[in-house]
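Asks: Once you've had a glance at the structure underneath, I'll fire off some questions.
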Amino acid sequence: MSSNLERQANAEPVSAAPSHVPNHVAFIMDGNGRWASSRGLPRTEGHRQGLEALRKIIRHAALRGVGIVTIYSFSTENWSRPEPEVRFLMGLLRRFVQRDLSELHRENIRIRIIGERDNLDAGILKLLLDAEELTRNNTGMELVVAFNYGARQELTAAVKKLCEKVARGEIEPSAISESHISAELDTVGLPDPDLIVRTSGELRLSNFLLWQAAYTEFYFSDLMWPDFDEAALDQALECFGNRDRRYGGVTAQAL
Ligand code: IPE
Ligand code: IPE
Ligand code: MG
């Protein structure tokens, strides 16, 4: 059986800069646990190595001219994991912000957090809000951290907010358009992802950006996230450059 990578064709390893770089790339950073288990290590070690991969990928994406990087760091469903793993992941996020924030700020990176904020540990919430505040006026790459994020929960909250507006008489139900829905999502103002990359060979969205991914290109890598490096990202970007995005229409050449 061919691997996901092989099935995606034209995915020759590249060393030069990819020709057409997507503006917004979102990553489903999957496979930390399996990376560790296959080495006889605890799952937490996979998460630790996954953070090192993330550091490299953020810098490389910025170098390649990607405008926005979104990372799926913790889903609303990840609370169902064993409590020590959840605690470790929370600690890791805390350390990431504490250790990397000043450097990200120096690199002119703007941080934005998406996901549910209710019921979060107050200390973590403050750290995240402070990171957003510190980097608010930066003009370089935007780093969107999807933390405690679930697309269905995001859409449900948006529906509630719209219903409240209807109940207050601020909007007629018949006037509700796609842009009204987009405006109530955590991602308000962000362009939709051009490319979603998922590692570890899993072929699903796992409740990530369901509304925003309507016309996103997908790239699946068999690499476990801790092994996803600069060359792997270049390969994904190169593959994206060869896609024909038709948005329901026909290609210019076919006309
Ligand atoms: C991704 O790796 C990290 C998070 C979901 C937080 P996993 O922990 O899901 O690793 P696998 O999929 O079990 O290998
Ligand atoms: C998706 O990975 C969530 C994150 C990467 C944060 P999961 O490992 O939680 O997804 P499933 O359970 O395999 O669908
Ligand atoms: Mg997983």
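Glycine is treated like the rest: Cβ placed from N, Cα and C.
The model shown is predicted, which means the values in this text are computed figures rather than measured ones.
Reproduced below are the annotations present in TrEMBL:
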BINDING   Asp30, Glu217  Mg(2+) binding site
ACT_SITE  Asp30  active site
BINDING   31-35, Arg43, His47, 75-77, Trp79, Arg81, Arg198, 204-206  substrate binding site
ACT_SITE  Asn78  active site, proton acceptor
Asks: Which ones are near Asp30 (Mg(2+) binding site): of the binding-site residues Thr76, Trp79, Arg198, which have a Cα within 10 Å?
Replies: Arg198
Asks: Where Arg198 (substrate binding site) and Glu217 (Mg(2+) binding site) are concerned, what is their Cα separation in Å, rounded?
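Replies: So the Cα of Glu217 (Mg(2+) binding site) lies 11 Å away from that of Arg198 (substrate binding site).
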Asks: Do any of the binding-site residues Asp30, Gly33, Trp79, Arg198, Glu217 touch ligand 1, in the sense that the CB is under 6 Å from one of its atoms?
Replies: Asp30, Gly33
Asks: What Cα-Cα separation, expressed in whole Å, is found between Gly33 (substrate binding site) and Asn78 (active site, proton acceptor)?
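Replies: Spelling it out, the Cα of Gly33 (substrate binding site) and the Cα of Asn78 (active site, proton acceptor) are 13 Å apart.
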Asks: Any of the binding-site residues Asp30, Gly31, Thr76 with a C-beta atom under 6 A from ligand 2? Give them in order, or none.
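Replies: From Asp30, Gly31, Thr76, counting a Cβ under 6 Å from ligand 2 as near, the near ones are Asp30.
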Asks: Counting other Cβ atoms within 10 Å, pick out the least crowded of the binding-site residues Gly31, Gly33.
Replies: Gly33
Asks: Within 10 Å of the Cβ of Thr76 (substrate binding site), how many other Cβ atoms can be counted across all chains shown?
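Replies: Step by step: centre on the Cβ of Thr76 (substrate binding site), count other Cβ atoms within 10 Å, giving 16.
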Asks: When DSSP is mapped onto helix/strand/coil, what comes out for Trp79 (substrate binding site)?
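Replies: Its secondary structure by DSSP: helix.
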Asks: Please list, in sequence order, the residues in the chain of Trp79 (substrate binding site) that are at least six apart in sequence and whose C-beta is under 8 Å away from its C-beta.
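Replies: When sequence neighbours closer than 6 are ignored, Trp79 (substrate binding site) has Val86 within Cβ distance under 8 Å.
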Asks: For Asn78 (active site, proton acceptor), just count the other CB atoms lying within 10 A of its CB, please.
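Replies: Its Cβ shell of radius 10 Å holds 17 other Cβ atoms.
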Asks: Is Glu217 (Mg(2+) binding site) helix, strand or coil when read with DSSP?
Replies: strand
Asks: Suppose we screen the recorded positions Asp30, Trp35, Asn78, Glu217 by Cβ distance to ligand 3 with a cut-off under 6 Å; which survive, in sequence order?
Replies: Asp30
